[in-house]
Amino acid sequence: MTSVVVIGTQWGDEGKGKITDFLSQDAEVIARYQGGDNAGHTIVIDGKKFKLHLIPSGVFFPEKISVIGNGVVVNPKSLVKELEYLHTEGVSTENLRISDRAHVILPYHIKLDQLQEAAKGDNKIGTTNKGIGPAYMDKAARVGIRIADLLDKEIFASRLKTNLAEKNRLFSKMYESEELSFDEIFEEYYAYGQQIKQYVTDTSVILNDALDAGKRVLFEGAQGVMLDIDQGTYPFVTSSNPVAGGVTIGSGVGPSKINKVVGVCKAYTSRVGDGPFPTELFDEVGERIREVGHEYGTTTGRPRRVGWFDSVVMRHSRRVSGITNLSLNCIDVLSGLDTVKICVAYDLDGERIDYYPASLEQLKRCKPIYEELPGWEEDITGCRSLDELPENARNYVRRIGELVGIRISTFSVGPGREQTNILESVWSNI
């Protein structure tokens with residue numbers, strides 16, 4: 001029994017797709033366990049970029065099984081579009097499996113997401129408007145439609161009719177917006193269901209059978225710990241649990257079967273959307289990091305907010321997710337800076353604290369306490385070991401490991417698979 005979980009430790013966009021792709025080379029099954037097509041990951045293979053939002057990174061390995069677990073909310077329209085994109089690029093999807101227990105995102109979820117966000121005005125959360133939150137709301141309210149329901153024509157029609165009647169009353173009465181058509185949604189989405197039914201199965205059985213057989217299973221998280229609905233910067237969070245604990249709920253695999261948790265982070269910090277960000281940069285250094293790091297959302301295209309590395313955030317992520325190994329990305333983006341900074345603690349009303357407050361009001365008053373380190377001028381994109389890094393870059397990497405309290409297993413100096421360097425295999429000693 002060998003399993004590794006890959007999670008984001010910041011606010012998403014840490015490079016999980018790349019690291020999952022890298023670790024997938026030694027895995028036999030790769031599974032997603034939460035989120036939806038609000039998650040975007042970019043994978044570079046042989047110099048070619050592939051952008052996915054829903055299908056796991058493991059799809060690029062035809063000999064491995066790629067799983068969308070029950071904790072994922074699936075937009076069938078987006079899924080079919082992504083399948084067509086992969087087929088056009090010559091990528092086979094025969095290895096894909098989709099949980100029959102996963103919930104379905106429908107047009108009324110997307111419309112409700114947009115209307116609710118618009119109604120918040122200045123208090124908007126910064127949602128991707130993909131219908132993720134409303135879909136999880138229906139799931140919790142026990143009125144959601146699952147993939148298994150989508151494939152059954154009579155059940156789908158019955159549940160869609162009931163749900164749409166309620167949603168249309170909400171649209172017309174509360175938001176004074178146009179109602180949606182039952183016939184249009186039913187015909188379009190039932191057809192999508194038929195297009196994906198070949199992939200649908202009980203994925204919990206597949207995952208547990210694989211683990212019981214001693215196969216290597218890799219669980220791929222979406223978003224990041226700081227966007228977790230319980231442990232993140234609530235309410236500026238997603239509607240699911242990106243933390244490692246979400247694996248067991250979202251995949252149907254018990255906690256005793258999880259061996260290692262790899263936390264993925266950047267050598268700096270980024271965030272899309274609104275919410276607290278203590279180390280955010282508003283100067284020319286921030287702009288430089290954004291441009292050099294191509295910090296624009298994969299899903300939204302929005303410019304990402306950027307800031308210095310925050311070890312307070314990282315220690316919070318380590319604690320609530322039980323992170324055992326760290327993967328440090330984008331070190332190359334910081335090349336050319338005279339000085340690099342790491343936030344080691346916060347100043348809250350004159351008191352030094354080393355924890356991440358739950359209160360948004362306290363977070364607003366938190367000022368980062370920085371440790372400054374000398375930067376490096378060298379181009380490090382060709383470095384293939386820690387020893388090849390310039391001394392200052394090497395010291396920066398080591399200091400991050402010391403402050404976070406997690407051993408660094410891999411570090412990356414560019415987007416390519418070959419630019420990911422192994423310090424310690426996460427598949428060993430399991």
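Cβ coordinates come from backbone N, Cα and C, glycine included.
There are 25 other CB atoms within 10 A of the CB of Lys18 (GTP binding site), with all protein chains counted. DSSP assigns Lys18 (GTP binding site) to a helical segment in the three-state reduction. Positions annotated as GTP binding site by Swiss-Prot, on the basis of sequence analysis: 12-18, 40-42, Arg304, 330-332, 412-414.
Annotation note: Asp13 (Mg(2+) binding site) sits in a coil segment as assigned by DSSP. Per Swiss-Prot, the feature Mg(2+) binding site maps to Asp13, Gly40.
The IMP binding site annotation in Swiss-Prot covers Asp13, Glu14, Gly15, Lys16, Asn38, Ala39, Gly40, His41, Thr128, Arg142, Gln223, Thr238, Arg302. Every protein chain considered, the tally of other Cβ atoms within 10 Å of the Cβ of Asn38 (IMP binding site) stands at 29.
Annotation comment: Swiss-Prot describes Asp13 as active site, proton acceptor, evidence class sequence analysis.
Annotation comment: Swiss-Prot describes His41 as active site, proton donor. Every protein chain shown contributes to the tally, and the Cβ of His41 (active site, proton donor) ends up with 27 other Cβ atoms within 10 Å.
Residues or ranges marked as substrate binding site in Swiss-Prot: Thr298, Thr299, Thr300, Gly301, Arg302, Pro303, Arg304. Using a 10 Å Cβ-Cβ cutoff, Pro303 (substrate binding site) registers 14 neighbours. Look at Pro303 (substrate binding site): DSSP puts it in a strand.
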Max CA-CA distance, Å, over listed IMP-binding residues Asp13, Glu14, Gly15, Lys16, Asn38, Ala39, Gly40, His41, Thr128, Arg142, Gln223, Thr238, Arg302: 34
When distances run from the Cα of Asp13 (Mg(2+) binding site) to each of the binding-site residues Thr300, Arg304, Val413, the nearest one: Arg304
Three-class DSSP secondary structure - Gln223 (IMP binding site): coil
Entry from the binding-site residues list Arg302, Arg304 having the most other CB atoms no farther than 10 A: Arg304
